[in-house]
Amino acid sequence: MEKILIIDDDEDIRSMLKDYLGKEGYTIYTAENGKEGIELFKSFEASIVLIDIMMPKINGYDTLGKLREVSNVPVIMITAKGQQSDKVLGFIKGCDDYLVKPFDLTELSFRIRAILRRTNTNDKKDNDKIYLNDLEIIVDEFTVLKNGQRLKLTKKEFEILVLLASNKGKVFSPSVIYETLWNDSYIENDNSVLTHIRNLREKIGDRAKNSKYIKTIWGVGYSIEKDT
């Protein structure tokens with residue numbers, strides 16, 4: 001029998017999901033915060049985890065990050081935060097699906113079934129990989145290889161690279177990059193993104209002029225071209 005772990009600080013949501021999914025034939029475990037959820041996860045083998053984003057102490061993104069340190073279990077983020085930047089951050093952090101409240105329970109059930117079906121029929125699937133010329137990005141291992149050699153990137157450098165590489169052809173302004181990856185409001189003239197991209201370019205052997213990876217669209221932002 002498949003086991004589902006629900007991590008949400010809203011007791012009504014936990015009860016509703018436990019009741020509905022329990023009737024669907026799943027064994028349900030619940031936790032009211034990220035810390036409790038991680039500890040509970042370590043005590044049994046969950047088939048899939050549902051995580052709310054807006055939780056006290058440890059938010060859903062950080063909970064997912066800690067979970068990814070120990071497991072590749074499928075994760076669905078369930079949240080009221082429905083902006084595109086929130087969804088992108090969830091996928092960068094390693095979630096498999098994203099459902100915005102309020103949602104239809106039948107839709108949730110079908111999404112769970114679809115993910116479990118893919119997982120059960122493809123347990124040995126390759127890690128998600130993105131290729132950029134001579135770069136190989138192994139997303140769920142937080143690894144970047146250049147000509148087979150592993151590069152030492154910081155967490156933010158890696159996340160910026162994945163954000164751009166996963167959205168080839170799309171231009172991201174510094175403010176969008178900051179609010180997506182730092183999960184905070186952007187302050188005008190903040191140089192955090194500029195500094196990280198400069199360091200990232202240096203590590204991957206790129207440069208602002210005649211770049212073969214990260215293009216600077218002056219006055220707009222940064223992008224990786226579709227044919228890279």
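In case you wondered, yes, glycine gets a Cβ from its N, Cα and C as well.
According to TrEMBL, the feature DNA-binding region maps to 127-226. If you look up TrEMBL, you'll see 3-116 marked as domain 'Response regulatory'. Residues annotated as domain 'OmpR/PhoB-type' in TrEMBL: 127-226. Annotated 4-aspartylphosphate per TrEMBL: D52, in sequence order.
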Number of helical, extended and coil residues in the DNA-binding region (127-226), per DSSP: 35 helix, 21 strand, 44 coil
Counts by DSSP class (helix H/G/I, strand E/B, coil) across the domain 'Response regulatory' (3-116): 52 helix, 24 strand, 38 coil
Set of same-chain residues at least 6 away whose C-beta sits under 8 angstroms from the residue listed as '4-aspartylphosphate': I7, D8, D9, D10, I13, G60, M77, I78, T79
